[in-house]
Amino acid sequence: MSQPLRAKAVTAVQDADVVEVNNLSKVPDADAEVEVAAVTPAKREEPVVTRRELWSYYLYYNGDNGVGPNGYSMTLFQNLATSAGWDPSQGPGSTCTTSEQCVLPWGGGTKSVSSIVLIANGLSFAIMTLIFTTIGSAADYGTFGRWLLLVITVICWAAQFASMALTTPSRWGAAMAIYIISFVSYGATLVFYAAAFPRLARNTPHARHLREKLENKEISPEEYELEESLEKNRVSNISTWHSNIGYIFVLCLNLSILLPLVNNPLVDNYTMVLTNMYWIILGIWWFIFQQPRPGPPLPKGEHYVTVGWKQIWIALRQWKKLPYTFVYLFAFFLLSDGLNTTGTLISICQNDQFQFSFLKNTYLGLAQAFTSTASTIGFWWIQKYWKIPTKRMFVFTNVVTILIPLWGMIGLWTMKFGFHNTWEFWAYNVVFGLFQAPYYAFSQTMMAELAPPGFDNMFFGLFGLSNRASSMIGPNVIQAIINNTQNNWMGFPFLFALCTAASLVIWFGVDVEKGRRDAVVWAEQNRSYAETGVYVEDDASLDSKDYGKKS
């Protein structure tokens, strides 16, 4: 939630049911006009997406909204750790007031609770990196990706149920382990769920109709490109909207436990179980109604565990042929690191401010969820009405991504602003909902437009690596800063610089139109993947300057 040696074939991972391509453009050549085809011939027809399948896809994301593994799990872990810790100025046995001035035994010494939470966060992202690099790309072979998502989902469900055992401060270590398992499996579900998006979006009835109209020359290539991009955004935004609706509904549902059982010591544990049950009830249908769109069989002599590393090597070697795709992946790596770590740091501050209250965090979550839902639909309507390119919409959301850590940085110099007051956390959740929910939808669509069609898990595996696993850097840097300064706010300057640098690269260094053209050419050059699943050095393959040349 994610790389040939001459005279030697190595395996690559690719979708066997090739491939729709997004652009038709003319490339000047000294001898002849060159056309980049809008649609490459399909080797095996993929089934058209049914209404039932599409709705099950949306409902999975409705349940996989992150309230439990991405929200409550961390709050419960931080609460138990703070209750078990002591104030370093008063020694063991004293009571902590905030997690930044609260320490626990760690590695022969002590470490602040805030630092331990960030270490757990960074360790989670490191494990995600291992998962995505080892087995992520292998999801393109056969039906492995389908079963991989199921297994990881079940692991996350089991970890959430295990939270019922977290009842005393002495179990803060177990809480840390359950949080890591929950967060890692949750992040992995997002990546492998998103990897199904390109195949789904290019096989909706409307997308198929557009392709037929293009082939019959009823619409121009430019019209096809725009409408096809809007169709991808439609599916992406509706799925994001469903996630937000699920966020709202499950938080409201949780109030049915949090309010009447407010004084029950196990109310937080009961709430996590209820949240998990909601996901199970809605998420199971995707595994029942998803239609088979398998990739090629795993080549002889290869293994699912090792093929992913070869795939990454193959993918990374394409950076010269797909420069804008890899510039985007690199910049998004940094941007995700900054945004994810900023969210974790603000959550730590928020939990301190509201004394780890599930009830108050639920109210704050509702504020974010309502604004997220409205903004997802609103941004989609604005884009559709004025036909605004995806990158321009994404850039607009990036501005807010930069302003959030900047606001926290102000808190270094004054107590009046900078996440020191209750109203600021309300404002943060509203602003985050308004601008960062569309951020996730547009970032996914940007990747779909820059990735060679048909190579979904190959490049979405790298995207997942950028989006989730990147954040093993930020938390480790920030935890060291906080542990040395005993000040949570000292982490914001680094995060502001990280988000700003990454955003500037995306704004000025990524040309989506040229990147899409490069992806089309690369996909056509490597169409043999669809038949064999084996990558061969393409010295004799079609060069971009000759691609589509009229004879």
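A Cβ is built for glycine as well, from the same backbone N, Cα and C atoms used for every other residue.
Automatic, uncurated: that is what TrEMBL annotation is.
Copied over from TrEMBL, here are the features:
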type	residues	note
TRANSMEM	113-135	transmembrane segment
TRANSMEM	147-166	transmembrane segment
TRANSMEM	172-196	transmembrane segment
TRANSMEM	244-263	transmembrane segment
TRANSMEM	269-289	transmembrane segment
TRANSMEM	326-348	transmembrane segment
TRANSMEM	363-382	transmembrane segment
TRANSMEM	394-413	transmembrane segment
TRANSMEM	425-442	transmembrane segment
TRANSMEM	490-510	transmembrane segment
The transmembrane segment (394-413) and the transmembrane segment (269-289) contact flag, 3+ Cβ pairs under 8 angstroms: no
Interface present between the transmembrane segment (269-289) and the transmembrane segment (147-166) (three or more C-beta pairs under 8 A): yes
Leading contact stretch, 113-135, 244-263, 363-382, 490-510 vs the transmembrane segment (269-289) - CB distance under 8 Å: 244-263
Residues of the parent chain within Cβ reach of the transmembrane segment (244-263), under 8 Å, 6 or more residues beyond its termini: 61-67, 270-271, 274-275, 278, 282, 358-359, 362, 365-366, 368-370, 372-373, 376, 433, 437
